[in-house]
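According to TrEMBL, the features are:
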TRANSMEM  6-25  transmembrane segment
TRANSMEM  45-62  transmembrane segment
TRANSMEM  68-90  transmembrane segment
TRANSMEM  97-120  transmembrane segment
TRANSMEM  132-154  transmembrane segment
TRANSMEM  222-242  transmembrane segment
TRANSMEM  262-281  transmembrane segment
TRANSMEM  293-315  transmembrane segment
TRANSMEM  353-372  transmembrane segment
Amino acid sequence: MIGWEDVYKVVVQVVPLYVALMLGYGSLRWWKIFTKEQSDAINKLVCYFTLPLFIFEFTAHIDPFKMNFSFIAADTISKFIILLGLVLWAKCTTKGSFCWSITSFSLCNLTNALVVGVPMVTPMYGALGKDLVVQSSVLQAIIWIPLLLFVMEFRRTRIEGTMKPISKTMIIENNNNNNVTGEGRGGKDVDATTVAIDVKEELMLEDTVSSRLPFRKLMKLVWLKFMMNPNSYGCVIGISWAFISNRWNLEMPSMLEGSIQIMSKAGTGTAMFSMGIFMALQEKMIACGPSLTIFCLVLKFIAGPAAMAIGSTAVGLHGDVLRVAIIQAAVPQSITSFIFAKEYGLHAEVLSTAVIFGMIVSLPILVAYYAILEFIH
């Protein structure tokens, strides 16, 4: 059962994140230490240095031989349920959008399990809860984050490979992701403006198929860029070392481990700092508007756990394993998803809002899930 001491442990984990966030916000908004161009450089530092090393350091120290493969199967099925639904929505409806499918997948599935999930779930279900949350983080690091990275790289390369007739679309999109103030045109809510720009972008891309790169050349460029991105192979090297070290009882040389940790430990803090700078560039605290904020929270705390419940039922999970599987799907939004959204220019304002407000409302929501799931036997 969760007590006040457990709540305090969660607060201890979350407050430093908001300290880094406010330092980033103040450094640009109040103290004018950084410029917009410098803020982009900070995000690249996080994206290409601290984040890959954080993922490597985390995956290298797990034991892959002790993972719950039924839980992993349930998690995989839940992700495919979300993926299938988004593909059908994008292809079969007039309001479907490739860009929004990417963002929605991120909102439904990517969680901040290590920083927030572990201290929240451990008081509820002890070592079992902690182990399963860590396992979900491993799966996220080696499969779903690289998949998200690949799709974002594909989208950006496709746009960059399109010829000049749609250059205005690229300008509109960049302005939307970096400079939207929340005012819109004629006082319209920013979320309506964002949707309109994405739809316009995709329609214009469809109208200029002849000017795109050939698909084979496009995929070659995407793969080259993807393989050059340290986020794509940091997790692979980490999990490979985990298999080798646990199989033959090897330890990483202390000099090498120290070299990795000196950067990886800065991963979460610098990511929140970058998010704070991004917030300072917006005119409103809720950068994406109230309706999109509600939409984000619904996807995060309802759609994701619902898909996980279906996946868990499909593989026959029961008892505390089933309860942990559902609760870990409702853990707040991954900070990594914002870093990628900022780097690739895709709904960064939406992801930043999801991370910030998701952590604020997550504790009462997870406690509510815990109370409800106690009635499931």
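From the backbone N, Cα and C atoms, a Cβ is placed for every residue, glycine too.
The stretch in closest packing with the transmembrane segment (132-154), judged by the count of Cβ pairs under 8 Å and taken from 68-90, 222-242, 262-281, is 222-242. By the Cβ criterion (under 8 Å, sequence separation of 6 or more), the transmembrane segment (262-281) is not in contact with the transmembrane segment (68-90), since fewer than 3 such pairs are found.
Distant neighbours of the transmembrane segment (222-242): 47-49, 51-53, 55-64, 138, 141-142, 145-146, 149-150, 153-154, 157, 252; these residues of the same chain sit at least 6 beyond its ends, with a Cβ under 8 Å from one of its Cβ atoms. Recorded stretches compared: 45-62, 293-315, 353-372; the one with the most Cβ pairs under 8 Å to the transmembrane segment (68-90) is 293-315.
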